[in-house]
Amino acid sequence: MSANLDKSLDEIIGSNKAGSNRARVGGTRGNGPRRVGKQVGSQRRSLPNRRGPIRKNTRAPPNAVARVAKLLDTTREVKVNVEGLPRDIKQDAVREFFASQVGGVQRVLLSYNERGQSTGMANITFKNGELARRAVERFNGSPIDGGRSRLRLNLIVDPNQRPVKSLADRIKAMPQKGGNAPRPVKRGPNRKAAMAKSQNKPKREKPAKKSLEDLDKEMADYFEKK
């Protein structure tokens, strides 16, 4: 592993992919002796009839799958957990490798133990979900150091996380004051209400018309009092 100090992470992964393909071609099964099952007396040991293992439903709920897909399609940052990195590789080398192979690397956080040594684990934050998904598809399961270990990449997505609203959606403008503000429209009196109000008022009785004799009599009474 000390020879990896002079190599980049790109060279380590590239050489291991070629070596793993050659190992698969030459690893065919030979014509060795076959194993013979043990017999008890003249009969083979019979196994009890089993229906097979019980399959568990490991499928995620459709709501969670839809939420994860929606989060990956947005422009928000998405983290990827990487395990199996060579422990003599520095944090800057991890950043340079994924930035050149995938792009959009925002932050890289390499994990260290209490002695200050790398644990081979890192959290990489990508610019969006598409770049994070591309990194997982390309490098998940890639051999390291001649196939001694393999990279494991996992997306870190919280399906309960709500999408962040833009700043324009979260800020509301203050109401304008002064002449620019719209003035309230003045409405005239309601005719129906005015007519109903006038009808409810008691009508004043008009004084009866007086004759000339009544007027002369009132004049005579007025002068007599004086």
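Cβ from N, Cα, C; glycine included.
Of the candidates S100, S198, Swiss-Prot records phosphoserine for S100; the remaining residues carry no such annotation there, which does not rule it out for them. Per Swiss-Prot, the annotated phosphoserine among residues S8, S166 corresponds to S8.
A 10 Å cutoff on Cβ-Cβ distances gives S100 (phosphoserine) a total of 12 other Cβ atoms nearby, all chains included. Across the residues of the domain 'RRM' (78-158), the predicted structure has a mean pLDDT of 92.
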